[in-house]
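> One structure, as structure tokens, below. Some questions next.
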Amino acid sequence: MSLLYLVALFVASICSVTAQTWTSCNPLTTTCPPDQALGINTTFTFNKTLDDTIWNVTNGVLSHTDEGTEFTITGENQSPTMQSNFYIFFGIVESHVKMAKGAGIISSIVLQSDDLDEIDWEWVGYNTSEVQSNYFGKGNNETFNRGGYHYVPNADTEFHNYTTYWTQEKLEWWIDGKLARTLTYEDSQGAGKYYPQTPCNIRYGIWPAGIKGNAQGTIEWAGGLVDYSKAPFTMVLQSVRVHDFHTGKEYNYTDHSGSWQSIDVIAGNSTIANAIQNPPKSLSEKWAELPTGAKAGVYIGAGCVGAALLAGFIFFFIAQRKKGRLEHALEDAKWANERTEMSTFQNDWKQSEWKHKGYQPVN
């Protein structure tokens with residue numbers, strides 16, 4: 001591997017962190033509010049509009065089809081992304097994804113904590129048969145030897161299962177049910193100091209790394225500049241299974257160390273879990289739950305309304321018939337009068353013609 005290539009990877013790694021990671025409050029430096037826990041094992045199918053109590057679109061516009069949620073770049077300055085409103089404190093994230101094809105375009109799955117621990121899957125759009133794995137701890141990007149490269153056939157046209165298995169002892173990346181990489185706590189950067197170990201939310205999205213203004217190493221890593229004439233570039237998220245290994249309603253940092261031992265799991269019912277397990281009821285479900293007496297009342301009320309409408313219609317029909325008969329009688333009288341006038345006119349005309357043996361005006 002050439003030095004130039006390693007430097008390119010290093011620069012790209014830094015850019016990836018900059019482009020994909022941010023935090024609204026860093027508990028390494030300040031006291032932050034607790035994170036909402038997921039606290040359960042659940043599956044999300046992305047073929048309809050997202051529930052904004054669970055998922056937050058952080059940039060751009062997403063579209064939803066029978067196949068899944070689409071993250072699409074159609075022009076410059078676009079990077080559609082979303083993230084979960086919940087956090088998991090160790091667990092499993094099983095994502096079924098098709099990457100976006102196109103030089104310069106990066107598709108990504110990111111688990112990230114408030115103190116910038118990070119676990120990544122990334123696809124560079126020019127290579128549709130490879131996915132990259134990576135990790136960071138506390139935002140540290142001093143080294144560039146953390147990445148892994150894994151073969152995946154037809155990653156842009158076929159859905160594959162990319163699973164992250166994460167505990168305090170080890171981190172595993174799985175592809176279609178086969179283990180691709182293992183990182184232990186002890187083998188991570190800093191002998192565990194920079195091992196991802198604090199509660200993370202989940203982020204999905206695509207972004208253009210191959211754009212003018214980015215470092216040359218970043219552009220080369222991404223496969224060159226983006227050719228927007230070949231747009232759209234689309235990543236598709238079909239479904240996600242998330243298993244939070246802790247139960248509770250919130251995760252709280254008790255100090256500024258960023259260690260997993262410092263995280264307090266606050267007992268209680270997760271509001272996110274409640275939203276998932278008890279979604280708003282449909283009209284049919286609400287109707288099914290009504291007692292028999294209430295249903296009878298609804299039927300009677302509906303019957304009364306129907307009867308009133310029918311009576312109104314009958315009254316209107318009768319009134320219209322009476323009105324029609326009156327109008328018909330008036331028309332008959334008018335017709336008879338006009339016929340009498342015409343008969344008189346014809347008689348006068350004939351009398352004039354017979355008397356004068358020719359045509360004469362009739363007054």
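Just so it is clear, glycine is given a Cβ too, placed from its N, Cα and C backbone atoms.
So Swiss-Prot lists these for the protein:
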| type | residues | note |
| --- | --- | --- |
| SIGNAL | 1-19 | signal peptide |
| DISULFID | C25-C32 | disulfide bond |
| DOMAIN | 26-237 | domain 'GH16' |
| CARBOHYD | N41 | N-linked glycosylation site |
| CARBOHYD | N47 | N-linked glycosylation site |
| CARBOHYD | N56 | N-linked glycosylation site |
| ACT_SITE | E118 | active site, nucleophile |
| ACT_SITE | E122 | active site, proton donor |
| BINDING | E122, R203, W207, T218 | chitin binding site |
| CARBOHYD | N127 | N-linked glycosylation site |
| CARBOHYD | N141 | N-linked glycosylation site |
| CARBOHYD | N161 | N-linked glycosylation site |
| CARBOHYD | N252 | N-linked glycosylation site |
| CARBOHYD | N269 | N-linked glycosylation site |
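I would like each feature placed in context: is it buried or exposed, what are its neighbours, and how far apart are things?
If you take the C-beta of C25 (disulfide bond) and look for same-chain residues 6 or more apart in sequence within under 8 angstroms, you find C32, P33, D114.
Under DSSP, N41 (N-linked glycosylation site) is assigned to a strand (E or B) in the three-state scheme.
Taking the Cβ of N47 (N-linked glycosylation site) as reference, residues of its chain lying under 8 Å away and at least six apart in sequence are, in sequence order, H64, T65, D66, E67, G68, T69.
N56 (N-linked glycosylation site) is surrounded by 14 other CB atoms, counting those within 10 A of its CB over all protein chains shown. The secondary structure of N56 (N-linked glycosylation site), as reduced to three states from DSSP, is extended strand.
In the shown protein chains, 25 other C-beta atoms lie within 10 A of the C-beta of T218 (chitin binding site).
If you take the C-beta of N127 (N-linked glycosylation site) and look for same-chain residues 6 or more apart in sequence within under 8 angstroms, you find G223. For the recorded site, N127 (N-linked glycosylation site), the DSSP three-state label reads coil.
N161 (N-linked glycosylation site) carries a strand DSSP state (E or B).
N252 (N-linked glycosylation site) falls within a strand when secondary structure is assigned with DSSP.
Counting only residues at least six positions away in the same chain, the Cβ atoms of G39, K249 sit under 8 Å from the Cβ of N269 (N-linked glycosylation site).
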> Whole-number answer please: how many Å between the C-alpha atoms of W207 (chitin binding site) and E122 (active site, proton donor)?
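That comes out at 11 Å between the alpha carbons.
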> Give the mean pLDDT for the domain 'GH16' (26-237) on the 0 to 100 scale.
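Computed over the domain 'GH16' (26-237), the mean pLDDT is 97 on the 0 to 100 scale.
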> Closest to N141 (N-linked glycosylation site): which of the recorded positions E118, E122, T218, going by Cα position?
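That would be E118, nearest by Cα distance.
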> Going by Cα-Cα distance, which of the recorded positions (E118, E122, R203, T218) sits nearest to N41 (N-linked glycosylation site)?
R203
> On a C-alpha basis, identify the one among E118, E122, R203, T218 that is nearest to N161 (N-linked glycosylation site); the candidates are the recorded positions.
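Considering only the listed recorded positions, the nearest one is E122.
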> For N252 (N-linked glycosylation site), what residues in its own chain, 6 or more apart in sequence, show a Cβ-Cβ distance under 8 Å?
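Spatial neighbours, sequence-distant, of N252 (N-linked glycosylation site): P34, D35, I263, D264, I266.
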